[in-house]
Amino acid sequence: MTMPSTQFHTTILEQFSLFLSVDRGLCQQSIAAYRQDISSFLTISAISSPQDISQNSVYIFAEELYRRKEAETTLARRLIALKVFFLFLKDQQLLPYPPIIEHPKIWKRLPSVLTPQEVDALLAVPLQMEKNPRHLAFRDTAILHTLYSTGVRVSELCDLRLGHVSDDCIRVTGKGSKTRLVPLGSRAREAIDAYLCPFRDQYQKKNPHEDHLFLSTRGHKLERSCVWRRIHNYAKQVTSKPVSPHSLRHAFATHLLDNKADLRVIQEMLGHARIASTEVYTHVAADSLIEKFLAHHPRNL
């Protein structure tokens, strides 16, 4: 008896999610993204069992994505998810001969990096804004300093707990639940101390058992969306570049490379599983070097 397509979708997506969590060690956010992509594939290509999956079903899916004029990066992400899904089906002996996935060629965009001067200006903004309440100014200054000093992802920042912070380093839990120690600069440590007492103490009175480092004014763990929104607003005061919390991670890595830091050390601090993810910053640093050369070489003046 053939299983109804909706029941098949639900069952196979649950099994796939378990595979991503246990075998691949992915976080819930990544698993949700994979589920969404595969759910789209199953629906668009009218898949009601593994036997329905063929090269043609992949073409149907890809054509629909092209018809929707999805961005190249989105298209590539969906096809990568499809490739992982097929590997899962093969591993479960549900699809012995998976279709071939051809990835579209993508121009890998280099991140637009803040200069050290722009970072310094950004770090100073919260305390300079007259209408910014002092408790928010000190909290947000500590957030900005921590992001730039350590290069952590905004999700990792929000997950930091009081016990994860010492005088000269922080303990970070990154992708795949992997833990790493990252040095904490003295200016960042000073900014955190200035926030902890009295401002964080005031927040915690509303929620005494909360032990996350960065709290909302109601005493709860700070949400990533809040960090993104506040940094975006601060950045508008000092630069026309698009700035997000990840911009400070880019700046952290690029400025370290500019100052001759070892690429492998940067890889460890960023929590990259592959060195290729870190190598993108060598291209950013090289572009910066070329710009300086063109600006200062006598033949170009």
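Counting begins at 1 with the first residue displayed.
From the backbone N, Cα and C atoms, a Cβ is placed for every residue, glycine too.
Record features, source Swiss-Prot:
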DOMAIN    7-90  domain 'Core-binding (CB)'
DOMAIN    109-294  domain 'Tyr recombinase'
ACT_SITE  Arg153  active site
ACT_SITE  Lys175  active site
ACT_SITE  His246  active site
ACT_SITE  Arg249  active site
ACT_SITE  His272  active site
ACT_SITE  Tyr281  active site, O-(3'-phospho-DNA)-tyrosine intermediate
Number of other Cβ atoms within 10 Å of the Cβ of Tyr281 (active site, O-(3'-phospho-DNA)-tyrosine intermediate) across all protein chains: 25
Integer Å distance between the CA atoms belonging to His272 (active site) and Arg153 (active site): 11
Whole-number Å value for how far Lys175 (active site) lies from His272 (active site) (Cα to Cα): 9
Between Lys175 (active site) and Tyr281 (active site, O-(3'-phospho-DNA)-tyrosine intermediate), the C-alpha gap once rounded to whole angstrom: 20
Which of Arg153, Lys175, all active-site residues, has a Cβ with the fewest other Cβ atoms inside 10 Å: Lys175
Inter-residue Cα distance where the pair is Tyr281 (active site, O-(3'-phospho-DNA)-tyrosine intermediate) and Arg249 (active site), in Å: 11
Spatial separation of Tyr281 (active site, O-(3'-phospho-DNA)-tyrosine intermediate) from His246 (active site) - C-alpha basis, Å: 13
PLDDT averaged over the residues of the domain 'Core-binding (CB)' (7-90): 88
For Arg153 (active site): DSSP state (helix, strand, coil): coil
